[in-house]
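Participant: A single structure is presented below for examination.
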Amino acid sequence: MPTHLRFRRRSFLGLLFLFSLSTSALYFIYSAPGIVNEYLFMVQARGIQIRENVRNMGAQVLEQVVRSAYSINGTDYTYEFNFSETDASPTPFLPEGFTYKPEQVCPEKLPSMKGRLKVNMSEIALDEVEKLLKLNDPGLSVGGHWKPHDCRPRWKVAILVPFRNRHEHLPILFRHLIPALQRQRLQFGFYVIEQAGNEPFNRAMLFNVGFKEAMKDLNWDCVIFHDVDHILENDRNYYGCGEMPRHFAVKLNKYSYMLPYEEFFGGVSGLTVKQFKRINGFPNAFWGWGGEDDDLWNRVQFAGYKVSRPHGELGRYMSIPHHHRGEVQFLGRYKLLRRSKERQSLDGLNNLNYSPLVSRRSLYTNVSVTLSRDLAPVADY
């Protein structure tokens, strides 16, 4: 074969390889962002863990140097270094057999809260979960509302779950979360906000809709924004309102139980009603996967709030494996995030319009809504 033909053939094969590689990359970045971001978050989390380990090692070395200096001088060194905030001694949980009266406010650290849970990811029908929960506690009422009767609930908490086509996940979430909240003696209600129509998934706008609908039912103290595929592993991860804004899902199994980055606010988070109104809720402009949690973090910081997180192993969650393709990537999120502060007063609870279809189910209130961009108009930014 002549040399110039061999060269053309190799060039063609090279171009074909580059085309295949680029189209595959675009598919994973745009159509299957969860796979790409899962590995990206793991790399970021590893970096944070390495920096934290180096910091702690440095503190330990410093302590040894200081102790040695005191020893040489023949004096005692009494100060104790605190290498990590998780080393601090927590308030103990109440002992078994502790009794409280119905007119007393429920304690926050009850003996019924056992700690690590046995997570069962096997699929189960929703009506089977309903039977199990009603058998365990008949006090669970329509709409997923419950309150304790052996003490006065300290907090009234609305759980908002954004939803589309995850019918196999809801029963698993309820099977674990409802009994945990009952053991925490919280008054709670579940709101599943289901997006209808063909627009890309808008998790943030669904949360805004859910907030407005939940506030029509009851004067809740706080709201928790809860992804349907996040299963808590420890019932001592208290869902009360006292330390909000709060990021609950600190350590997720698919990120190797590490925080992807310091500003990460996704999965499960919560704010008081007053805080959420003050920051104008979530942004409505994030269509598709990614960015809305980072924008919420920015809004919280702009308002001067400090986010708290559960210590140690309390913030562990497992993610239900997905058997279908996730939502498409929102490629415009970085542009919006750069203008978070300017957009905060324009885009959120105050510019949202919608027409919901509300139905009361046994374990939750379902809010079905068709979303479109003209439901939350905002000037060009």
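In case you wondered, yes, glycine gets a Cβ from its N, Cα and C as well.
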Participant: Going by Swiss-Prot, G291, E292, D293, D294 bind N-acetyl-D-glucosamine; tell me which of R309, R316, R333 is listed for that site too.
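Facilitator: The candidate from R309, R316, R333 that Swiss-Prot ties to N-acetyl-D-glucosamine along with G291, E292, D293, D294 is R333.
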Participant: Out of N73, N353, which one does Swiss-Prot list as N-linked glycosylation site?
Facilitator: N73
Participant: Identify the disulfide partner of C222 as annotated in Swiss-Prot; candidates are C151, C241.
Facilitator: C241
Participant: Taking the Cβ of V228 (UDP-alpha-D-galactose binding site) as centre, how many other Cβ atoms lie within 10 Å?
Facilitator: 19
Participant: Specify the count of other C-beta atoms within 10 Å of the C-beta of R333 (N-acetyl-D-glucosamine binding site).
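Facilitator: Within a 10 Å radius of the Cβ of R333 (N-acetyl-D-glucosamine binding site) lie 20 other Cβ atoms.
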Participant: Going by a 10 angstroms cut-off between Cβ atoms, which of the binding-site residues R164, R166, H322 has the sparsest surroundings?
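Facilitator: Among the binding-site residues R164, R166, H322, the lowest count of other Cβ atoms within 10 Å belongs to H322.
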Participant: For N366 (N-linked glycosylation site), which residues of its chain lie six or more apart in sequence with Cβ-Cβ distance below 8 Å?
Facilitator: V192, E194, V358, S359, R360
